[in-house]
Amino acid sequence: MLKIAFIAHDRKKDEMVNFVTAYEHVFVGHSLYSTGTTGQRIMEVTKLDIHRYMSGPLGGDQQIGSMVAQDELDLIIFLRDPLMAQPHEPDITALLRLCDVYGIPVATNIATAEILVKAIDRGDFAWRELVHKYKPGVDE
Ligand SMILES: O=C(CO)COP(=O)(O)O
């Protein structure tokens with residue numbers, strides 16, 4: 001079971017809802033997380049159970065970043081709006097930076113999200129289980 005987070009900016013929320021609905025059969029077996037409004041929108045139209053953090057501008061991206069830092073997240077689908085400035089831009093940058101620090105797969109547009117979801121379906125993310133088993137500082 002993977003831990004997957006969904007985040008979408010306002011003008012990308014319809015796209016996110018359509019995407020998650022189309023692949024609900026893939027996501028249903030996993031632990032799901034989201035920022036506040038994104039999760040609410042997805043749960044309105046699917047049967048998925050999503051743990052919702054705060055809304056992005058109120059700290060939701062940072063809460064998800066904290067999961068990344070604690071090795072508690074395997075994959076993020078973050079549909080960003082590249083054409084609209086966000087008040088919490090530093091939080092967004094910080095989250096993406098942490099994904100790079102910890103090597104967490106993150107899709108920032110729908111084309112990459114499609115590829116990742118197909119990889120999940122094929123079982124390509126089984127390597128994440130190995131990462132979880134190896135805890136630096138404990139196993140060394
Ligand atoms: O702003 C966001 C991510 O940066 C998303 O937050 P919401 O899901 O609460 O709209």
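We number each residue from 1, going along the chain as drawn.
Every residue gets a Cβ built from N, Cα and C, even glycine.
Since we're looking at a predicted model, the values are computed, not measured.
Positions annotated as domain 'MGS-like' by TrEMBL: 1-140.
Residues near SER55 (substrate binding site) in space but far in sequence (CB under 8 A, at least 6 apart, same chain), listed by position: THR35, GLY36, THR37. The substrate binding site annotation in TrEMBL covers HIS9, LYS13, THR35, GLY36, THR37, THR38, SER55, GLY56, HIS88.
Secondary structure at ASP61 (active site, proton donor/acceptor), as computed by DSSP, is helix. Taken from TrEMBL, the feature active site, proton donor/acceptor applies to ASP61.
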Lowest local Cβ density (other Cβ within 10 Å) among binding-site residues: HIS9, HIS88: HIS88
Least Cβ-crowded entry, counting other Cβ within 10 Å, from the recorded positions listed as THR35, THR37, ASP61: THR37
Cα-to-Cα gap, HIS9 (substrate binding site) vs ASP61 (active site, proton donor/acceptor), nearest whole Å: 11
